[in-house]
Amino acid sequence: MQSIDTAGAVLRIDLDALVENYRTIQRQVAPATVAGVVKADGYGLGANLVARSLIGAGCRHFFVAHLSEAMALRPILSDGMALFILNGLQPGAEGECAAIGAIPVLNSLDQIGRWARTARTLERTLPAALQVDSGMSRLGLPPEEVAILLAQRERLEGVDLRLLMSHLACADDPDAPSNAMQRRKFDAFSMNFPGVPRSLDNSGGSFLPADHFDIVRAGIALYGGAPQGERREMRPVVSLDARIIQLRNIPAGAAVGYGLTHRCERPTQIATIALGYADGWPRHLSNGGSAYIDGHRAPIAGRVSMDSITLDVTDVPDVLLYPGALVELLGPHQTVDQVAADAGTIAYEILTQLGHRYHRSVRGGRDPAQAEHHAMKVAI
Ligand SMILES: *Cc1c(COP(=O)(O)O)cnc(C)c1O
């Protein structure tokens, strides 16, 4: 990793804000428990980093999408913690999944069959979550497979059901009628398995006025994305600044960047900053997005290049403009949701695309044991 002084851009991760978001959701959904969704490398922030902080805050349930993500995370979890694999049980993955003690989310009769066979082969029960499709038509048992399963419950022999789950299609929209419909369907399905813990809500769902069942699967809200748009703001967790690498003054009529798509109507000062689409900054922000320099807005002029972006800094005070100066891409003046809106996408995509050339600096999130150690040292 580059040092903070020489890196083109600096990504700061505030683990105290992450933990605060976790607690906010926890308060919101109590007595349900909040699980941490740390798939896609913790939404781009670093799965192990995030998981350690959440463990420090009391989190004991984690969700990833892939077996490979589960294998990478398992070593930092203790035995009592639950690690779920959302994408289910891929053919051929049964042995490894059982070996690391991960809990696959079984999404079809085929997956149930293979997991039950693996249990027989290993001569022990294997833990699983069972997902039902309550209307999103993505993952989970479709209605016809549910009917077969309920008629042939022996298919679950050897499977230790730890969780029933389903997923909301429109949790980010509190007015969507599908939310209540899916909740009713899931509730009805779960009556067939009394006593098994239930999970329906993601971040958006955790803010719906409804019963949150036993476990809420929180992702984006932990990471500072607004789970229901402007209605719900979380503490920002990520900030991103890039350095000015060059400045130039160009006359009216001159054009900027690939394709010469931005033509200046006035004499213009252009700052080129060291961050581009290879760093996860959407090319869709060409002639669209903004950056901020000490609170002054600097619109993107021209196309986003692979390694650099050109900003119109004509209206920014000169004292703030020099090679090496840091320009805010994410921070107090621009949230990840605003950048996403400018780029025609969602905060999830901005975060998970964050690049790997940044200097990454982490604030807060000391684990409790270390904090205690620190407190003792201070006391002495
Ligand atoms: C990604 C995912 C989540 C987390 O969703 P957020 O909107 O980020 O809170 C929860 N459940 C499932 C099934 C998911 O795929």
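A Cβ is built for glycine as well, from the same backbone N, Cα and C atoms used for every other residue.
Nobody curates TrEMBL annotations by hand; they come from automatic prediction.
Since this is a predicted model, take the numbers as computed values, not measurements.
Listed in TrEMBL for this protein:
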type	residues	note
MOD_RES	LYS39	N6-(pyridoxal phosphate)lysine
ACT_SITE	LYS39	active site, proton acceptor
BINDING	ARG138, MET306	substrate binding site
DOMAIN	237-363	domain 'Alanine racemase C-terminal'
ACT_SITE	TYR258	active site, proton acceptor
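Taking the Cα atom of each, ARG138 (substrate binding site) and TYR258 (active site, proton acceptor) are about 39 angstrom apart. Between the recorded positions LYS39, ARG138, LYS39 has the most other Cβ atoms inside 10 Å of its own Cβ, all protein chains included.
Around TYR258 (active site, proton acceptor), a 10 Å sphere centred on its CB holds 13 further CB atoms from the protein chains shown. Across the domain 'Alanine racemase C-terminal' (237-363), the DSSP tally of helix, strand and coil residues reads 25 helix, 48 strand, 54 coil. In this view, MET306 (substrate binding site) is surrounded by 10 other Cβ atoms within 10 Å of its Cβ, with every protein chain counted. Put simply, MET306 (substrate binding site) is 26 Å from the residue listed as 'N6-(pyridoxal phosphate)lysine' when counted between their Cα atoms.
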